[in-house]
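Here's the structure, in structure tokens; my notes come after.
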Amino acid sequence: MTDILIDDTATEAVRTLIRAFPLVPVSQPPEQGSYLLAEHDTVSLRLVGEKSNVIVDFTSGAAQYRRTKGGGELIAKAVNHTAHPTVWDATAGLGRDSFVLASLGLTVTAFEQHPAVACLLSDGIRRALLNPETQDTAARINLHFGNAAEQMPALVKTQGKPDIVYLDPMYPERRKSAAVKKEMAYFHRLVGEAQDEVILLHTARQTAKKRVVVKRPRLGEHLAGQAPAYQYTGKSTRFDVYLPYGADKG
């Protein structure tokens with residue numbers, strides 16, 4: 001479990017959000033490793049000995065640029081966004097792709113199993129809902145805390161199958177900026193091992209009605225060693241598309 005240091009300046013909204021996740025309140029930072037810090041109106045991830053931090057902010061920086069200037073063209077094609085599909089993001093992480101998909105007008109159900117990451121993402125969505133420029137997009141994201149491979153079958157029984165299941169398993173960010181590399185290093189250290197790829201892909205193909213879209217590095221290996229039906233390839237990233245079991249590629 002992850003420690004969280006709650007500063008006296010933390011708002012009641014932040015304190016309420018924190019209680020939704022199994023975190024360990026502490027009175028001072030740990031001697032080593034990572035921890036969450038709740039202060040003012042934000043929850044951030046800190047690494048002992050480092051000045052920088054990680055927060056989920058959909059209202060500025062890279063998220064704002066992608067929202068106002070584009071940048072989601074390839075993922076839009078991969079999910080066939082013009083058909084207005086419902087999307088379940090089974091590996092939400094810090095929510096960047098969920099937000100891009102929601103900014104395309106799609107309804108996104110996001111799953112995140114790590115309590116600290118889910119807390120960071122939930123906080124980012126909460127603040128985005130308060131911003132007039134992002135509130136409509138944020139309102140289209142429904143976050144579920146838990147293991148997607150375990151939760152999706154149960155959710156299908158109550159909501160039916162989604163059109164798309166989206167997967168973005170963790171992989172090294174070799175060509176990203178130094179700031180992004182440091183952020184991902186924090187993230188990987190916090191999360192540790194990723195979900196079982198075989199089980200995740202299998203469950204996704206059982207769940208989706210139309211397709212499973214997997215984000216990979218352009219030259220990366222196929223997820224779980226399984227070749228996709230087809231691909232959308234960009235300069236540094238590609239999207240592998242798998243069909244649901246029993247579906248006809250044609």
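Sequential numbering from 1, following the chain as shown.
Quick reminder: no glycine exception, Cβ is built from N, Cα and C everywhere.
When ASP3, ASP7, ASP8, ASP168 are compared with the S-adenosyl-L-methionine site residues ARG96, ASP97 in Swiss-Prot, the one appearing in that site is ASP168.
For the S-adenosyl-L-methionine site listed in the record, the two most distant Cα atoms among ARG96, ASP97, ASP168 lie 10 Å apart.
The S-adenosyl-L-methionine site, placed at the center of the C-beta atoms of ARG96, ASP97, ASP168, has further neighbours from the same chain whose C-beta lies within 8 angstroms: ASP89, THR91, ALA92, GLY93, LEU94, GLY95, SER98, VAL100, TYR166, LYS215. If you draw a 10 Å sphere around the CB of ASP168 (S-adenosyl-L-methionine binding site), it holds 20 other CB atoms from the protein chains shown.
Less than 8 angstroms from the CB of ASP97 (S-adenosyl-L-methionine binding site) sit ILE75, ASP89, TYR166, ASP168, LYS215, each of them six or more residues away in the same chain.
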